[in-house]
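Among the features that TrEMBL reports, compositional bias 'Polar residues' is placed at 141-150. What TrEMBL lists as compositional bias 'Acidic residues' is 152-161. Feature annotation from TrEMBL assigns region 'Disordered' to 141-166. The feature transmembrane segment is assigned by TrEMBL to 6-28, 49-70, 90-114, 178-195, 207-227, 239-260, 272-292, 304-324.
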Amino acid sequence: MAPDTQTTKIIVLCTLLISTFFFSMLPIKLFSVTLHELDRERRRRYKSVISLLSCFAAGVFLATCLLDLFPDVQSNLNAALVSMNVRVAYPLAEFILMCGMFFILIAEQFVLTLKDTQRDGERQPLLSDEPRNGLQWQVSTDTDVSQSYAESEIEEEETEERTEAYQDPSSHSIIRSLILLLALSLHSLFEGLAVGLQPTKKSVLEIFAALALHKSILAFSLGLNLVQSKMALKNIMKSNLLFSVTSPIGIAIGIVIIRFSPDQTVANLVDGVLEGMACGTFLFVVFFEILPHEFMTKKRYPNRMLKVLFLVLGYATVAGLLFLDPDNRPKRIFASDALPSQSPSFSFWG
């Protein structure tokens, strides 16, 4: 006997939880391999891969913000204002987006200012062989001679990296990573809610197919950012688990409220504001965190144009997934109600 719609949603819930957590933990293994590797050329090769993946993640976050999240902000705010018979010509969605970015910038700089008054923190390189909080992987070799030779190579390379880290205007910080975690978790909650509110098994499975791939890419990108922030291993695992459960929680909420008919006006308004603030967070992380770190430091590897290519590939991946998403195609590409003529036409200030 085929499962009913609610059973299908529960299966989707469990599958999303497991797959998302798995992909979010992969960067830890990648960094573990890097720290175990004593050969200088291999270490550089691993670091080049990590750098390219960071650029790919930046493209993923940028596309998620501009192509996935921001259209929902505009749609929700427009629906809420129309239902309240309030018409605006003011760019409200864009205003909320920038408020989100400025809020994160002010909050981060305030915290860093307080820390600077207490002590001067020396910047650490992105990849160091010294134990960092919970990421304490031990390296062993067969003989003392080979170990001494390998360590001398690593020490020389660390000198280069510390110079690069000192010149880096935007090293990865725990604060920014936690902010990114909050934004992605909020976004995932709404995605899960969309699945939970689907009325048929077919629509649930269609959305799940696209959402699972989208979430896997986001989970890996988030895990990479958390590892680079020098966060303790146990805190990385907790953060990944938090991100993994948000979509299932959204699905569960959708299952509960699908039998009721709540006031959509307030829900649309709250969703629009929160998702708009999350959009600002994505822009902040991309343009103040990842891209300056990858393009403003004096790294000789990997090639700058290769980084640009991976940035574009990350953006194109999400763009392609959204185009193929059956839940987004009729709403954002072919529907007549997405045309500008349906937008409110006169000013709120008049």
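Residue positions begin at 1 at the first shown residue.
The backbone N, Cα and C atoms fix where each Cβ goes, glycine too.
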The transmembrane segment (178-195) vs the transmembrane segment (304-324): 3 or more CB pairs under 8 Å: no
Segment-segment contact (the transmembrane segment (90-114); the transmembrane segment (272-292)) at 3 or more Cβ pairs under 8 Å: yes
Close approaches to the transmembrane segment (6-28) from elsewhere in its chain (Cβ under 8 angstroms; 6 or more beyond its ends): 53, 135, 192, 195-196, 198, 201, 204-205, 208, 211-212, 215-217, 219-220, 222-224, 226-227, 233, 236-237, 240-241, 243-245, 247-248, 251-252, 254-255
Spatial neighbours of the transmembrane segment (304-324) far in sequence, C-beta under 8 Å, 6+ residues away: 51-53, 55-64, 67-68, 210, 213-214, 217, 221, 291, 294-295, 332-333
Within-chain partners of the transmembrane segment (207-227) [C-beta distance under 8 Å, separation at least 6 from its ends]: 12, 15-16, 19-28, 30-31, 50, 53-54, 56-57, 60-61, 64, 135, 172, 177, 180-181, 184, 188, 191, 194-195, 198, 236, 239-240, 243-244, 247, 285, 290, 314, 317-318, 321, 324-327
